[in-house]
Amino acid sequence: MNANADPAEVQKFSDLAHRWWDPASEFKPLHEINPLRLDWIDDQAMLAGKDVLDVGCGGGILSEGMAARGARVTGIDLSEKALGVARLHLFESGLKVDYHHASAEAFADAHPARFDVVTCMEMLEHVPDPGSTVAACTRLVKPGGMVFFSTLNRNPKSYLFAVIGAEYVLKLLPRGTHDYAKFIKPSELSRHAREAGLESRELIGMSYNPFSQAYSLGRNTDVNYLMSAVRVR
Ligand SMILES: C[S@@+](CC[C@H](N)C(=O)[O-])C[C@H]1O[C@@H](n2cnc3c(N)ncnc32)[C@H](O)[C@@H]1O
């Protein structure tokens, strides 16, 4: 497996992959946040007609959403099982997405500056070297193109909400889904982005309200957050 991949992390997603499109499964949070992040990306990138790469696409929830908005979408992941589920789901949805088994780094070597837009959502907190992934996403996008990331902040509140709350109290996610040590502060993601040649455009938080059981985008980046950036060199 690629040097910048944790086989145990990829295996975790492979083991659950058959439930990826069940909106009541472990992937419920991804289904619920998808309309929010899709609108947020589309507002900035104007997806229709664009060549888009979805890095760490998993079962294809975001990839299909972007294809439905008129983008030509390619998805890459290191979980063969997740990709198998993603390909099968295209028969149900009737959408077109081109899925490949590849790491961001290897795909960047083969397809430098090939895409108008690159998305890499809920994936950086599962890789050993997120800076390398950010650099690869930057190499994959054309100069002037946009890159979108989402991940988890690292602080006592995010530990409480994303690990204890989500995995142990509300049981939104299976125990062990997230490794707190791999969470990434916005300042760290910004540094990786700057070093790679990206200029940050927007940083926005995503919060879960356990009473209304709904997600919303807002200023609070304490736990989940998203960042958009433009390749400037
Ligand atoms: C939480 S899922 C997110 C899926 C999708 N991006 C979304 O937000 O709907 C994380 C995905 O990252 C993939 N992944 C983990 N490490 C990876 C790596 N080094 N390279 C490519 N994909 C990886 C996993 O297989 C899994 O499909």
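The first residue you see is number 1, and the count goes up from there.
Note: Cβ is positioned from N, Cα and C throughout, glycine not excepted.
Positions annotated as S-adenosyl-L-methionine binding site by TrEMBL: R37, G56, D77, M121. The domain 'Methyltransferase type 11' feature in TrEMBL is assigned to 53-149.
Neighbour density for G56 (S-adenosyl-L-methionine binding site): within 10 A of its CB lie 25 other CB atoms from the protein chains shown. Secondary structure counts, DSSP: the domain 'Methyltransferase type 11' (53-149) has 43 helix, 30 strand, 24 coil. Sequence-distant contacts of M121 (S-adenosyl-L-methionine binding site), defined by Cβ-Cβ distance under 8 angstroms and a gap of at least six in the same chain, are R37, D54, G56, L62, F148, F149, S150, L226. Model confidence over the domain 'Methyltransferase type 11' (53-149) is summarised by a mean pLDDT of 98. Taking a C-beta cut-off of under 8 angstroms and a sequence separation of 6 or more, D77 (S-adenosyl-L-methionine binding site) has the following same-chain neighbours: G56, C57, G58, L83, A86, Y99, H101.
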